Amino acid sequence: MEQILEKANSFPMYLLAVIIVCGVLIQAVLYLKKAWKHGKEIGMDEQVMKQAVQSSVSFTIVPSIGILIGVLALAPSLGIPIPWIRLSVLGALHYESSTANNLAKGLGIGELPSNMMTAGDYASIVLGMSVTILSGLIFTLFFFRKYQNRILNKAKGDPKASDILLSSMFIGMIAAYLGDAVSYLRSVQVSGETRTPNILPLIAFGTAMAAMSFFQMLIKKKQIKWLESYALSFSMLIGMACAVLGQFLFPGMSTFL
């Protein structure tokens, strides 16, 4: 495992990550220049455009904490460069972490980080994470317009239908994550070894959900609109902090295999 992480954190990997991230930044700068130029062409006030840029920057910094959290969460398993690339180009913490863990389970090496991981396992996990997320791009390229038209037509006929559909999808996603957190409360055999119960995922889930509910209440009742862009990142940080605290409160139920 140490040898794999040493190669995963090697200079060539960092160089590759820097090149890719710089490519993303260059794209952002080019689009900003084009948008600024077009704004002038259509007669937009320059002061208004400056305010838009400033607000975009300020509302991007804190939500991007989620990317940093994702890199730090995956670093013990996959090193820093690969998670950095994944989350800087096309990826999300909930997708990357769950996909990596599911692939690890499929390979028979248990939860990540795993001392049983070989170089082949590492390559399979990284390849699986990179290839499977392409499904969203392929769907968008070939089918999104038809899908969007059907949703819009449905919403026009019944305005509540789209809200019900999105709410159902969200509830299903939350239920899946809750089930995953609860599954850690039982002992199971993984590759011949016993995984002891772990309460930390449930602590992180519960506290993050409570924090998000509290922030939503502040947004709606107190009209703290700026909190909308920060609520998710703050909730993730609170959940992770409570999970760390849980290691000290429940030392016998906070061990990963």
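Heads up, residue numbers simply count up from 1 along the chain you see.
Even glycines carry a Cβ here, placed using N, Cα and C.
Values in this document were obtained by computation on a predicted structure and should not be read as measured data.
Sequence annotations record features per position, and here TrEMBL assigns transmembrane segment to 12-32 (among others). Below 8 angstroms of C-beta separation, residues 53, 79-82, 84-85, 88-89 of the same chain, each at least six residues beyond the ends of the transmembrane segment (12-32), sit close to that stretch.
The annotation transmembrane segment is assigned in TrEMBL to 53-75 (among others).
With a cut-off of 8 Å between Cβ atoms, the residues of this chain six or more beyond the transmembrane segment (122-144) that come close are 4, 8, 78, 82, 86, 90-91, 95-96, 99-100, 103-104, 107. Annotation comment: TrEMBL describes 122-144 (among others) as transmembrane segment.
The transmembrane segment annotation in TrEMBL covers 164-187 (among others).
Residues annotated as transmembrane segment in TrEMBL: 199-219 (among others). Counting residues 6+ beyond its ends, the transmembrane segment (199-219) has Cβ neighbours under 8 Å at 174, 177-178, 180-182, 184-185, 225, 227-228, 231-232, 234-236, 238-240, 242-243, 246-247, 250, 253-254 in the same chain.
The annotation transmembrane segment is assigned in TrEMBL to 231-250 (among others). Long-range contacts of the transmembrane segment (231-250) within its own chain (CB-CB distance under 8 A, at least 6 residues past either end) are made by residues 62-66, 69, 93, 199-201, 203-205, 207-209, 211-212, 215-216, 219.
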